[in-house]
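Feature annotations, courtesy of TrEMBL:
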| type | residues | note |
| --- | --- | --- |
| BINDING | Gly516, Ala517, Thr518, Gly519, Gln520, Gly521, Lys522, Ser523 | ATP binding site |
| COMPBIAS | 1-13 | compositional bias 'Polar residues' |
| COMPBIAS | 15-25 | compositional bias 'Basic and acidic residues' |
| COMPBIAS | 250-263 | compositional bias 'Acidic residues' |
| COMPBIAS | 303-312 | compositional bias 'Polar residues' |
| DOMAIN | 498-703 | domain 'FtsK' |
| REGION | 1-37 | region 'Disordered' |
| REGION | 230-341 | region 'Disordered' |
| TRANSMEM | 56-78 | transmembrane segment |
| TRANSMEM | 112-135 | transmembrane segment |
| TRANSMEM | 156-174 | transmembrane segment |
| TRANSMEM | 194-219 | transmembrane segment |
Amino acid sequence: MAQPTTSPRQNTLRRPAEPRPRANRDGNPSPARSQSTSFNWGAALDRWLTDQRSTLTLGVLLMGLALGLMVAFMSYLLNGPADQSVVGAAFSEPLNESGSETRNWVGLVGAYVAHVFVFRWFGVGALAIPIIVFLAGYKMTFGSELLPLSRTTTGLLFASVWISLILGYIVLVTDSAETASVWCGGIGYEFNVALYSLFGWGNLAFIAFALFAFVIYFFDVRSIKLPTFSRPSSPKPNRRSSDPLQTYSESEEEPNEEDEQDVDDARETAPESIQPPLANTFANTPVAPPAREQETPLPEVIAQTTGVTLTIKNREAVADTPDSSEELSATPAPTFEPDPFEEDDLVALHGLYDPTIDLPQYQYPVNELLTDYPNSRKAQVSDDELTVNKEKIENTLRNFGIEIDSIQASIGPTVTLYEIIPAKGVRISKIKSLEDDIALSLSALGIRIIAPMPGMGTIGIEVPNKNREMVSMRSVITSDIFSSSKFDLPIVLGKTISNEIYVADLAKMPHLLMAGATGQGKSVGLNVLLTSLIYKKHPSQLKLVLVDPKKVELTLFNKLERHFLAKLPDSEEPIITDTKKVVNTLNSLCIEMDNRYNLLKDAGCRNLKEYNAKFIKRRLNPEKGHHFLPYIVLIIDELADLMMTAGKEVEQPIARLAQLARAIGIHLVVATQRPSVNVITGLIKANFPARLSFKVTSKIDSRTILDTGGAEQLVGMGDMLLSSNSDIIRLQCPFVDTNEIEDICEFVGNQRGYDDAYALPEFVGDEGGQGDDKDVDMTNRDPMFDEAARLIVIHQQGSTSLIQRKLKLGYNRAGRLVDQLEAARIVGPFEGSKARDVLVQDLQTLEEILKRLKGE
Ligand SMILES: Nc1ncnc2c1ncn2[C@@H]1O[C@H](COP(=O)(O)OP(=O)(O)OP(=O)(O)O)[C@@H](O)[C@H]1O
């Protein structure tokens, strides 16, 4: 099947790249940059649109326009016939005369616009237009959505046409066009007039069917169940272990009265204060479910009126809801499990949660940022070279008394694989022991013998090509296999011996150990890995923690700070170079890991994917600290340096992360020049099942990294062996130059990003720091202290993340505020994973405490 060369997403996102022209290392303008220097209107408009000031101005303008339209439309509907004649005569009389005659509250212009939208087009359905304009303006002004814009727009546009059609039908059959045609508008009336003579009441069937079809698509209805006498199956919380690592069945279970009662009871006991504030209900953040009676979503209305039960795709059983009674007893603040029906109401109301909502205009890097090396496409191995090598191999083997039945060559980018089938009775180990002799006879370095070839029944002899192929990053990034890859963290590692592009999923690896002597392609390899991820992931889905003790290798990625990088709250530099900071960062990641496990446990999910899927379906309450969790990829460029200076301090958190972090989406890529046993210790090695080796200096190093020899035979420049799942494959790593990396980082970095890098939890090591000081100085309280205290008391939830989110503070400061609240005895002490107790029950008592504190 033919595959597109780029993914649909890349196609749609590909915009003309407007990077500034710049010369590459050879002084020639790089291909992507030799663009026209004339003024680029598209880019200027783009810049204007992405400028926050323009967005704000436009947003307020749209909201004003929406109000004007709404007033004009309402006024037109009420004064209709009078203004119809004024508008009709508007251009045959002086405008000011027409204007003075109009009764529309927005004057002649209002009357005219309303005449078009209301009278000519949609009738009363035209009121949807100002609502859509208002919602768009609101989003531009406040950066958040009152209602999901695209979904609401679709719904309202359909509603306006549909209302016009149904009213048109009524007006037609009641013969009241003279007086009432303003209510149905031209579309509805003309439609019914045109078709009535053909179908009669069939018009009505068509209109009803249009509604039915719309509901099917809009609410993603997949099947219609016939009515049954029992209550439609209500998903029930699945009682199961709280251990996030433990697997469980996702089977749906029939509801049982007792369980439903539990949930209802829990809901009733939940205090008002934990219901979300109104504003939150409309924001894109998921919120606590509204009370059941509040709203009946459209599908349910239809179900009730038609007597059938509609099954909606999103309405899956919540098999993965944690045991509510267990959670209730574990958490001091009253809590409840969201009712899946109501959570689905939220989805019906707001649509699915969109994690990219903060950076909706983010553009993925375009392929043009990568250099095209048209001349390096194919490895140049002549027929002569092939024949000569074949003969040499045959002769060498024959000299040692080994006969072969056949020999076949396949040309790879760096090496050619000669596959031989030995004659019957030849011992494989004998061929293997002739490695050096064959190398000598071929007078080539880097011969590797694979005996036997796994699953092939042959013996492979890899011989380096005289002219090797350079595999460009562009060629692999634009390949079908990569661009259509659905892996969670796709990384393109290069080309195999049979010229296939090899894409792996870092999330499945789940950690990667990389080694290679200096100058063999390790840094290029890391850049390739990072480039793959950046090309495939939105900043909301991926965060990178970059550790670069050599201080020079990863600096280019600095520009990604506000998009992809994560750092400790108090650190200035997003790329970590200092050993002490590395230790703190690793420990901070361990805390992040623990926090994530707590969230997963609370959500009843076994891994990050399930958790995020549940969050997207608005089944997790952000008021309880739930949020969308991006993958975190930790890259350590030189482990040897760290192990020399910090030893166990580094080894232990790395091993802990490697052991436990896979389920919660933290993945490690650790590289080293020196794959010796004191760098790659048994503890580290045991936890990195996937290992990648560039050329190393000795067989011992190769054994340390791959548990077998072979890496010392590689030929450098990105020639590498990947060992994963006990298979070893030889790959040619793609090449990406530093100026390409620079361009990519610039492309991403120049776009609107988050306010800051992703904040990792604070960790203060033995040397202490601000947060270490448990003697909180209450005379020097945080300016937000009172506000934080009120927030905690109103929500009856002693959580740092609540303060962080509501008061928009960093983790560091929110943590200090909680310490101060503890010192003021407003919240109880830290209790591990549980939220702190709130010791003050009402605002009145709190105000007294605050007054007392001020009096001190
Ligand atoms: N995949 C590749 N294809 C072609 N050439 C490559 C490839 N990888 C590396 N090279 C060549 O090898 C050189 C050294 O690569 P690189 O800087 O990645 O080595 P390194 O192992 O990181 O060295 P060090 O450990 O000293 O930093 C590059 O400048 C490039 O010329």
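The backbone N, Cα and C atoms fix where each Cβ goes, and this holds for glycine too.
On a predicted model such as this, the values are computed, not experimentally measured, just so you know.
Other than Gly516, Ala517, Thr518, Gly519, Gln520, Gly521, Lys522, Ser523, the residues of this chain whose Cβ falls within 8 Å of the Cβ centroid of the ATP site are, in sequence order, Gln673, Phe694, Lys695, Gly716. Remark: of the binding-site residues Gly516, Gly519, Gly521, the most isolated position is Gly519 (fewest other Cβ atoms within 10 Å of its Cβ). Close to ligand 1, meaning a Cβ under 6 Å from one of its atoms, are these of the binding-site residues Gly516, Ala517, Gly521, Lys522, Ser523: Gly516, Gly521, Lys522, Ser523. The domain 'FtsK' (498-703) scores a mean pLDDT of 90 in the predicted structure. Counting every protein chain shown, 10 other Cβ atoms lie within 10 Å of the Cβ of Thr518 (ATP binding site). Neighbour counts of Cβ atoms within 10 Å were taken for the binding-site residues Gln520, Ser523; the minimum is at Ser523. Each of the binding-site residues Ala517, Lys522 was assessed for Cβ neighbours inside 10 Å, and the highest tally belongs to Lys522.
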